[in-house]
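Structure first, then comments.
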Amino acid sequence: MMSSNTASSSAAVAGSADSAAPRRNSKKPKYSRFTQQELPACKPILTPRWVISAFLLVSVVFIPIGVASLFASRDVVEIVDRYDNDCIPDNTTDKVNYIQTPGDKSCNRSITVPKRMKQPIYVYYQLDNFYQNHRRYVKSRSDAQLRDNSSASDTSSCKPEDTYNGKIIVPCGLIAWSLFNDTYSFSRNSSQLNVNKKDISWKSDREHKFGSDVYPSNFQSNDTVIGGASLNSSIPLSQQEDLIVWMRTAALPTFRKLYGRIEVDLEPNDVISVTLQNNYNTYSFNGKKKLVLSTTSWLGGKNDFLGIAYLTVGGLCFFLALVFTLVYLVKPRRLGDPSYLSWNRNPGGH
Amino acid sequence: MAGGVKKKLHLGRLHPFRCGTKSFQPEHSLIGGPGFSRVVFCNNTESQRVLTYGNNYVTSTKYTLATFFPKSIFEQFRRAANIFFLITAILSFTPVSPSSPVTSVLPLALVIAAAMLKEAMEDLRRKKQDIEVNNRKVKVHRGEGVFDNAKWMNLQVGDIVRVEKDEFFPADLILLSSSYEEAICYVETMNLDGETNLKLKQAVDATSKLHEDSGFQKFRAVIKSEDPNANLYSYIGSLQLEEQQYPLTPQQLLLRESKLRNTDFIYGVVIFTGHDTKVVQNSTAPPSKRSKIERRMDKIVYFLFSILVLTSFMGPIFFGISTREDLENGTMTRWYLRPDDTTIYYDPNRAPVAAILNFLTFIMLYSFLIPIPLYITLEIVKVIQCTFINQDLHMYYEEADKPAKTRTSNLNEELGQVNTILSDKTGTLTCNLMEFIKCSIAGTAYGHGVTEVERALARREGLPSAKEVTNGEGQVENSNKAAIKGFNFFDERITHGKWVNEPHADVIQKFLLLLAICHTAVPEVDEDTGRLSYEAESPDEAAFVITARELGFEFYERTQTSILLHEFHPISGRKVQRSYKLLNILEFSSSRKRMSVVVRNMEGKLLLLCKGADSVMFERLTKNGKEFEEQTQEHINEYANAGLRTLVLAYRELDEEEYNKFNEEFHEAKNSVSADHEELMEKVAEKIEKDLILLGATAVEDKLQNGVPECIDKLAQAGIKIWVLTGDKMETAINIGFACCLLRQGMKQIVISSETPKIKALEKVGDNSSIAVAFRENVLEQILEAKESLTTLRKSSETLALIIDGKSLSCALEDDVKGLFLELALGCASVICCRCSPKQKALVTRLVKIRTGRTTLAIGDGANDVGMLQEADIGIGISGVEGMQAVMLSDIAIAQFRYLERLLLLHGHWCYRRISTMICYFFYKNIAFGFTLFFFEAYASFSGQTAYNDWYMSFYNVIFTSIPVVALGILEQDVSAELCLKFPLLYQEGVQNVLFSWFQFLGWAFNGVLNAILIFFFCSRAMEHPAFRKGGEVAELEILGTVMYTCIVWVVNCQIALSTNYFTLKNHCYIWGSIILWYIFLLAYGAMNPIISITAYKVFIEACAPAPSYWLLTLFVVITSLIPYFTYRSIQLWFFPMYHQMVQWISKDGQSDDPEFCQMVRQRSLRPTTVGYTAHLEATSKRFLEMHEVHL
């Protein structure tokens, strides 16, 4: 009689599985928890308690992080000075022409320090609307050439800045060619503020990507199409940190690049005068140029986003937890109640 | 050999109608002409060498070593998606490519390699099988009368082979001689057509004397024959032996794959070898079936493809505009891009061309929307799912040592969506085992046997809701039940010789004698145990002989002319040996519905013993023989209602004169060769089968397989419709319908039959064409009438059952009627089609499949079910007794019908859930990834620059996100096995396809887009221009890319963790492992030479890891991206729960032990269950109540 029942009895068959001693050449499957799909497992269900505590947990974790990040960001003092418009003589109509004509383009700016800035103060330049992430631009470089003197001729990816008059350009490619060439010098109360330009690039770049035996050659020698800065051909690339910084292409069309560090504290209301050489052409593509002085916190520069985002989501989760709790308390439903079944709502829907 | 000594009889005598005269038929004149050109020089290797027909090597592999590579690669690229990826891979070598070729080539190569590896493994398995078959041994004549073993594959046309008992024929042979004097042999063709009965073959007289090996020393003959063809039942050839021509017919043809039975050995000559054999010619590749989910998946792929193209259109437009603006009146705007000196790809002067080329770039870039490893991952997962089915101990049939076997792996999830089951009856619902269970002798009913359904009902009545509980105790039963196969008769009045004390002992004696004599069975003695077993044409007959044996009339030997019995002597009480001279056998035929034998007993008395259907028997009784007619009729009706097969037994004594006259006529009729041969024989038989004296009736249970009623009940509760399509008679079909609760009292039966009085009357007069027309009209009328009653009955709660026979079915399946018919059939709770031809079975299946668009499952075991199995969305073969044909051509083979419950409700449900979740997730993760690429483009002037390192991109699909989804596809269980079976309604989730509706897919796709938005914008905003760490460094492209990629890996892996219902250790390993793997990869790859790692060089260790903002951002983005889904799930679970979630709740709360509550949940059904014994019980109790009310 048992045998006719086995269809529905799991115990019977499982029992026989344990009693080993299978007959010879039997095709009986061997028992294993995996093949019988009986692996031990936890079966999480989103019970009200789970849901509410998950939301609460998130809000408990997120709100303090948000507050901390926001404080960190607020601690940072950042001075941004846009100068691309102001550093052009008022009477110039054709800005592009102005910037492209050689000549002295120095320009003086003065910046007032709003709050005490502890050293190191990072000096950045910021470009807008500059597509360093354009595919043509990003690809236009030769890592081999930058790294190793022996691969100097590896310029296939650098066109059209690969050779000039048949001579190989080092460093080749559009990125290097368009190197940013505005320069800044700072003084406070007519005493020079030193800008430390050492170690502004990633260490790995200096040591492994830009060779110490690779020297610039034929760089920016094409007079007809003027690129950016030229390089001192007696200094190896691994020490040309401005180039190294520039060569790490930015992710977005608005970006900052590290220019250097001022390693003295600046006091509030200090007036800093900046003498800059406005050489770089952003006028043809309506890009902006900004000079940025900023301190950092443990979280980096001045960016409230993370703090606000954490606070918002933390708050949202708290709100959701509250709503779910209210619903759970005000209108408790037996969660196994079949009358809520989706297909009982529209009986005709099959 | 020893067995042969014992069996001296020659069955040839038992087949008087079969051996026709042998003469050249007209078609033999074709020999030598086109299509009949084969010439075989028997035993003459030298002459045959001129005409070689290839050896007997058979291969079923798809590839050879040489062709594997090109052919399997070609196979792979027949898939549209793979072609697309191939094109992108080729394009990736051109400058159009957004990234290095590795991004597109590597994943494609891995995927194709995996698919090819799978192909190779499958082919290797086939190869192994081939080698086994090809190296089987057979004895071949080597000349000089010496036979020696040779491998099958080395056989040549013209070879003489000797095949021993129970061996397979190695090729198509012409029978020359056998161990029997008349050169006959018996052949089992189970592998060919699934029929278990033995077929008789006989050699031509000329060669029949070759009984010795040495006889072939000098034997030379030439056979001219037809060319190889696929027709199993026809053969034309001629044998030339010593200037004499003999015709060859299928009677001499022994086909490969069939087996020699009951014959010690045969000699035969090989005429068709290897691929020329009829079997191989007949083998067609089974139609490849694809599941509905996969078809919908294809649609989704196309949908995504159009999204891909659409988004790819957008980019180039912007790109074209900005490129054109790069040169304004000869001055460069974005001078740093050098628009004045550029390639075609960025040329402002030819911006449209550049845009078009850019379009190609975008196509390649967004190809990440389409998950490349989807197909191969699905295949791998399905293969593993199949092993679960194959390895399921609950579906292993101990008695026959048969586990379930999946033969196609691409239908697993379809098992979870079955709407209609079309089932064969014999061998599927029933065991194809007849058990003698009751009888009525001399107006008294004997036998206490219990049928399967009575048992099931009894069980249910005992404990209405919890079947599980009954398991332990079971039902107290006759302990020796089923000890003897075919015999389930218990009645102390009859057994152990007690019948002699019954009032009509003489009638009982004759009754039993009739059972022992009137049959065509052959006894076989097992040499080891000495037990007798019988080989009979039909299982009922075996049951009769066994019953006679058990009740004291042991039939132990059949000689050519007599039947020997060990008979219980009523007076002495001992067994005595008696012989009955067998004079004539009047065979059973479907039109006669009866069979008789004429015997002379030892006293010299002539007896005609006859058994047959009640409809033909009662009218043949003499006036004196009707003594018990009334009671017997009553008993017969009772038996039929219980689902039993009945036969009426009667006899008469003949006097010599009458017999002689009959015998003469009979022989004349038998030897006549005219066209109405059979009619003549019938007429003669008719003359003598009259004036019979009624003995009684037998009731044989067409035994249902174990657990069939329970299984049907469960399937019905799951909302699956069950149709029975059988070749059997209407009465039997209805019996079985009752037996498995598909029919019950109180159900309105709509019977559409061809045997209405109206049609019968027509048949007597009208000509054929008018009958056909009238017949058609009649069927149509019946259908319309039934439909009308359907609409009226729908208002009341009465349920309908439709029963239709084959002839009417052929009309109902005609094009203009079939819509009506289907509507009617769908309105009925159960549908039973009887007298169905195999073709009709297939047609009905197709009708249901195509017209309703729902998933159909056909289940059957015989060769006649093959059409149906192949036509249905899923074909399930029962690996029972009726041969292997159905199994070989099915998609999944199971040993018992009852395993269907587990196969569908459990494996089907799980596989459906797994596969659909898997596919949705696959699309989700690729949409999430693809859209981050898209958003980045908006900030990169749509130039096609990627945000990620090339290797990140190539590993996204194949490493960081693919393993957890495989684990999900293998391990996921929404509801435990036990609860799956406890709540059959869960199955409706699959039938209604709630987990893979467009709504579901779009939900996932939306989630993907949302995640992409959150990831991209949060990352880019947080990493924007200010420094991202204390050292004042700003985040460049590679850092932003790494941060975003980290977030994606986290989010998609956490997402799968969130959607997993069944968290095993493996899931944990794979999910968290994938995330850890990403960091490991980042470390390892970053540590490589910068020439290899390029932008990823030390990016993690130097830039990201030391920055707190990297980690905080990851945490923030991951949690925030998961919140929408988490919230949705919580709300949905609380307010709009799905059935499986309900069951999850129940099991969580421990309410699954509360039978009342379970019952309540279970009853939340779409429509009331109308068939199965649960419904039966309910209906009965309802009727009972109503009756009470009426009485009150």
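A Cβ is built for glycine as well, from the same backbone N, Cα and C atoms used for every other residue.
Marked as domain 'P-type ATPase N-terminal' by TrEMBL: B:40-104.
TrEMBL lists B:80-96 (among others) with the feature transmembrane segment. Outside the transmembrane segment (B:80-96) by six or more residues, the chain places 103-105, 107-108, 111-112, 301, 305, 343, 345, 357-358, 360-361, 363-364, 367, 370, 372, 374-375 with a CB less than 8 A from a CB of the stretch.
Summarising the annotation, TrEMBL assigns transmembrane segment to B:102-121 (among others).
According to TrEMBL, the feature coiled coil maps to B:114-141.
The transmembrane segment annotation in TrEMBL covers B:300-321 (among others). Listed as Cβ neighbours of the transmembrane segment (B:300-321) (distance under 8 Å, sequence separation of 6 or more from its ends, same chain) are residues 80-81, 84, 351-352, 354-356, 358-359, 362-363, 365-367, 369-370, 374, 919, 923, 927, 934, 937-938, 941-944, 1001.
Sequence-remote contacts of a segment are chain residues at least 6 beyond its ends whose Cβ falls under 8 Å from one of its Cβ atoms, and for the transmembrane segment (B:355-376) they are 79, 81-82, 84-85, 88, 91-92, 96-98, 104, 107-108, 110-111, 114-115, 118, 297, 301, 304-305, 307-309, 311-313, 315-317, 319-320, 323, 344-345, 919, 922-923, 925-927, 929-930, 933-934, 937, 942-944, 946, 953, 956-958, 962. According to TrEMBL, the feature transmembrane segment maps to B:355-376 (among others).
Feature annotation from TrEMBL assigns Mg(2+) binding site to B:D424, B:T426, B:D861, B:D865.
What TrEMBL lists as ATP binding site is B:D424, B:K425, B:T426, B:E541, B:F588, B:K611, B:R645, B:T726, B:G727, B:D728, B:R835, B:K841, B:N864, B:D865. Residue environment of B:N864 (ATP binding site) contains 25 other Cβ atoms, counted within 10 Å of its Cβ in all protein chains.
According to TrEMBL, the domain 'P-type ATPase C-terminal' annotation covers B:887-1137.
TrEMBL lists B:922-942 (among others) with the feature transmembrane segment.
What TrEMBL lists as transmembrane segment is B:993-1019 (among others).
According to TrEMBL, the transmembrane segment annotation covers B:1039-1058 (among others).
Under the heading transmembrane segment, TrEMBL lists B:1070-1088 (among others). Sequence-distant contacts of the transmembrane segment (B:1070-1088), counting only residues of its own chain at least 6 positions beyond either end whose CB sits under 8 Å from a CB of the stretch, comprise 951, 955, 959-961, 963-964, 966-967, 1042, 1045-1046, 1049-1050, 1053-1054, 1056-1057, 1096-1101.
Residues 1007, 1010-1011, 1014-1015, 1018-1019, 1022-1023, 1028-1029, 1043, 1046-1047, 1050-1051, 1054-1055, 1058-1059 of the same chain lie 6+ residues outside the transmembrane segment (B:1108-1128) yet bring a C-beta within less than 8 angstroms of a C-beta in it. As annotated by TrEMBL, transmembrane segment applies to B:1108-1128 (among others).
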At a 10 A cut-off on CB-CB distances, which of the binding-site residues B:D424, B:D861, B:D865 has the highest count?
B:D865
Pairwise CA distance, B:D861 (Mg(2+) binding site) versus B:G727 (ATP binding site), rounded so that it is a whole Å:
13
With DSSP helix as H/G/I and strand as E/B, how many residues of the domain 'P-type ATPase N-terminal' (B:40-104) fall in helix, strand and coil?
31 helix, 3 strand, 31 coil
Same-chain residue ranges lying at least 6 outside the coiled coil (B:114-141) that approach it to Cβ under 8 Å:
43, 56-63, 68, 72-73, 75-76, 147-153, 155, 159-164, 167-168, 170, 213, 216, 373, 375-376, 379-380, 383
Write down the Cα-Cα distance for B:T426 (Mg(2+) binding site) and B:R645 (ATP binding site), rounded and given in Å.
13
The coiled coil (B:114-141): mean pLDDT?
85
Using C-alpha atoms only, work out the spacing between B:R835 (ATP binding site) and B:D424 (Mg(2+) binding site) and round it to an integer in Å.
11
Can you count the other CB atoms that lie within 10 A of the CB of B:R835 (ATP binding site)?
21
Taking only the Cα atoms, work out how far B:D865 (Mg(2+) binding site) lies from B:G727 (ATP binding site), in Å, as a whole number.
10
What binding-site residues in the list B:F588, B:G727, B:N864 lie within 10 angstroms of B:T426 (Mg(2+) binding site), counting C-alpha atoms?
B:G727
Measuring Cα to Cα, how many Å separate B:N864 (ATP binding site) from B:D424 (Mg(2+) binding site)?
9
Sparsest-packed among the binding-site residues, when each Cβ's other Cβ atoms within 10 Å are tallied, from B:F588, B:R645:
B:F588
To the nearest whole angstrom, what is the C-alpha distance linking B:F588 (ATP binding site) and B:D424 (Mg(2+) binding site)?
24
